[in-house]
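K.L.:
Got a structure for you, questions after.
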Amino acid sequence: MRLLLDLGNSAIKWAVVPPGGAAWQTGRLAYADGAGPEDTAAALGGRIPSTVAPARICVASVLAPAWQRRFDTALERAWGGPVQHLVASAAAAGVTNGYDQPEQLGVDRWAALIGARAVAPEGACIVDVGTAITVDGLDADGRHLGGAIFPGARLLHQALARGTARLPDSPIGAAALPARSTEEGIAAGVAVGAGAAVTALADAILAACPPGAQRLITGGGGGELAAGLSPAWCHRPYLVLEGLLHWSRHEARR
């Protein structure tokens, strides 16, 4: 049994995977304001069934190293299993990193690429919608073709609120156009702008991918964004965790 953890900037996604990989238990835990690593680990423990006894705890984390070390210690105390961290490298689990400096690639993107390799061996364009939106290409030989980074909806809202004197930090959501209030105008502008940016970036990256490349979308905002894209896009909400599992199995066979 494995416990898979995707520690993003806004929330933790988790999955408990039994031997054989069938019947995943999954969930999401948003970080509480002011909560430290120990409190966060305790909150996570409250979400995961008490019967879970993982042989391995596999982690992809974008959080600060000092915070992460304390969190790892709390995980080991709670579950006893060793904590294994995926880190971006030149190559892993059949994927070759396309960055000039491989360690610069975010580990969440690296995990998503490994997951995409497992589910789309013909190649893929991967969109990950989180605090930031990333778009990456993968060819049929497992080579990462590079990608792009764009601010997510929350960052776009915050940029308008902080960079102007009178625009509010309005709620995220769709709105009709033409909008008839400032809040609706911001919501519509961000939603349509982010969708258009993703479409343009994905089209450019797909041009470098094999003709049969799959279109995969993941991340906390992936479902909402996918609803506004063409039906060719496949929503895989746990692609990062799928990549973690594939990497962990690959490492176990080495």
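Backbone N, Cα and C atoms are what each Cβ position is placed from, and that goes for glycine too.
What Swiss-Prot records for this protein is below:
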type	residues	note
ACT_SITE	Asp108	active site, proton acceptor
BINDING	Asp6, Leu7, Gly8, Asn9, Ser10, Ala11, Ile12, Lys13, Thr131	ATP binding site
BINDING	Tyr99, Gly106, Val107, Asp108, Arg109, Thr182	substrate binding site
BINDING	Asp128	K(+) binding site
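Just tell me what is around each of these and how deep it sits.
P.N.:
Listed in sequence order, Asp6, Gly8, Ala60, Val62, Asp128, Gly130, Thr134, Val240 are the same-chain residues at least 6 apart in sequence whose CB falls under 8 Å from the CB of Asp108 (active site, proton acceptor).
Cβ neighbour count for Val107 (substrate binding site): 22 (other Cβ atoms within 10 Å of its Cβ, all protein chains included).
Secondary structure at Asp128 (K(+) binding site), taken from DSSP and collapsed to helix, strand or coil, is strand.
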K.L.:
On a C-alpha basis, identify the one among Ser10, Ile12, Thr131 that is nearest to Arg109 (substrate binding site); the candidates are the binding-site residues.
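P.N.:
So, spelling it out, the nearest of the binding-site residues is Thr131.
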K.L.:
With Cβ-Cβ distance below 8 Å and at least 6 positions apart along the chain, what are the contacts of Tyr99 (substrate binding site)? List them in sequence order.
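P.N.:
Counting only residues 6 or more apart in sequence, the Cβ neighbours of Tyr99 (substrate binding site) under 8 Å are Ala88, Leu105, His144, Gly146.
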K.L.:
Does Thr131 (ATP binding site) have same-chain partners at least 6 apart in sequence with Cβ under 8 Å from its own Cβ, and which are they?
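P.N.:
Sequence-distant Cβ neighbours: Gly8, Asn9, Ser10, Gly152, Arg154, Leu155.
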